[in-house]
Amino acid sequence: MGSGSSIDTSKTIHLSIAGKSEKIILSRFCGSRDIHDLIAQAAGVSRYSGITLRDIDGALVPISPSMTKNGASSPYEVVITSPTAANAGDGEAFTQVLTHVAEQFSNSQNMDLNRVFKVEEMKADITKRINILERRLELEGLKAVEIEKCKRDISDIKNQIWTTQKKYVDFSTMSALSDERKISLKRDVPSYPKYTLSQETVDYLKQPTFDIWHWEPNEMLSLLEHMYHELGLVTEFNINPITLKRWLLCVQENYRNNPFHNFRHCFCVTQMMYGMIQLCKLWEKMSREDLGVLLTSCICHDLDHPGYNNTYQINARTELAIRYNDISPLENHHCAVAFKILSNPECNIFSNTDKEVYKRIRAAMTMLILASDMARHGEIMECFKAKIELGFDFNDKEQMETLKMVFIKCCDISNEVRPMEVSDPWVDCLLEEYFNQSDREKMEGLPVAPFMDREKVTKPTAQIGFIKFVLIPMFETVAQLFPIIDSTMVEPLRIARDRYENMKEAPTPTTTVKKDDS
């Protein structure tokens, strides 16, 4: 065998723990939780302890495989938070058990002989109950966010098992699809310290190339919160910062764990809108109220999406299709859920605006969320092109409304604008959701769209036509008003189109089976 140099894929991280220098070595296979446990071991604390890393400038460093390698001269300071103590209810229960024991023994002389003989049995029962309480104490050390995520995952698994057993979708039993359900915050603002974003992250957040896969849910919430502060929306609408946090948490809880239409998609669309606001300097063309409507509409645009599109809703005659007379049932539902959340005083970020302002915000958000229905794509784009041909007027209210509708459409379907390593996983997620729908449609005897059929679709065939006939023409039209869009967004789309065409033309690998002559 020839000798070759091995590639070192490990990474050394230098730490400062209570003034003492330590270092850990991360392999390429380490996950965020592995790194957390490794730091806990180095610090000599429980793996359930809260751990925060800060760089020499005091900025928060996310504990993730992508964390930046540092040197011994610039170690990350490790801040340890003790595991959450048991709640008062557990303490009271424990006290009641001990009180019960004391009472039993103090009154034993007055008990009859049979009851005295039951002391051993009672002691065994108390020991069992104490063990249960100790286990609960251990579990309470887990982060509240992780516990909530586990509960939601378990709930989703139960729903999937139930749906599989029934072999059909019974929307009458799926209360999450009802606009009338009560929406309340399942958890309050978590007690974790406020994230301090580095200047590099702040600048990166404004770019269309931003990689949305590197951020955990709580980090995405902090980034969305930053957008509202940075654009001056907190001041514009006089938003209570705690209300903003609660609203974002409630929105996150009302996105389902679909392969594609989930909270990460919501963050992805909103980040692209934030990037386009920065790129096109929209504050020079629009009011701050308009910017707030654009950003908030992106955050709410797919709330409680069930993972099955409007075509399915209409063909299956679901509750939503019946409620909205087959007219954009999902978009109407997203909008209804958005304002149901805002109807909760604890989550109403517009509670400090006057009636006229709120009325304008509600009308504008409804218009933009309904515009995200792809069935209206041709209608909206023809209207937009006509206004540009006649000479677009940024001072005309009707023309600006059309422009805002086109902007949210661009952001909603902008994945292919991003680098391939960011956009490619989204295609897999979308196809998985499509295939889930087409499988169900076949099972229920409903029409199946060819672009959703797993037996007919490949990545190239799914994307080439969409990029050529939908994305590129739309972004090229916007570039007529904002020329910078051509180099930053249209050009990446052309590169993506060429890449998929090359993939389509590439010969499919074949497997040759050697005949066994024996």
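Glycine is treated like the rest: Cβ placed from N, Cα and C.
Note that the coordinates shown come from a computational prediction; the quantities given were computed from them, not determined experimentally.
Pulled from TrEMBL:
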type	residues	note
ACT_SITE	HIS261	active site, proton donor
BINDING	HIS261, ASN262, PHE263, ARG264, HIS265, ASP302, ASP412, GLN463	AMP binding site
BINDING	HIS265, HIS301, ASP302, ASP412	Zn(2+) 1 binding site
BINDING	ASP302	Zn(2+) 2 binding site
DOMAIN	185-507	domain 'PDEase'
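Looking just at the domain 'PDEase' (185-507), the mean pLDDT is 95.
Burial estimate for the binding-site residues (ASP302, ASP412): highest at ASP302, by number of other CB atoms within 10 Å.
For the pair HIS301 (Zn(2+) 1 binding site) and ASP412 (AMP binding site), the C-alpha distance works out to 9 angstrom. Taking the binding-site residues ASN262, GLN463 in turn, the residue surrounded by the fewest other Cβ atoms inside 10 Å of its Cβ turns out to be ASN262.
The recorded positions in question are HIS261, PHE263, ARG264, HIS265, and the one with the fewest Cβ neighbours inside 10 Å is ARG264.
Every protein chain considered, the tally of other Cβ atoms within 10 Å of the Cβ of HIS301 (Zn(2+) 1 binding site) stands at 27. Residues HIS261, ASN262, PHE263, ARG264, HIS265, ASP302, ASP412, GLN463, recorded as contacting AMP, have a largest CA-CA distance of 23 Å.
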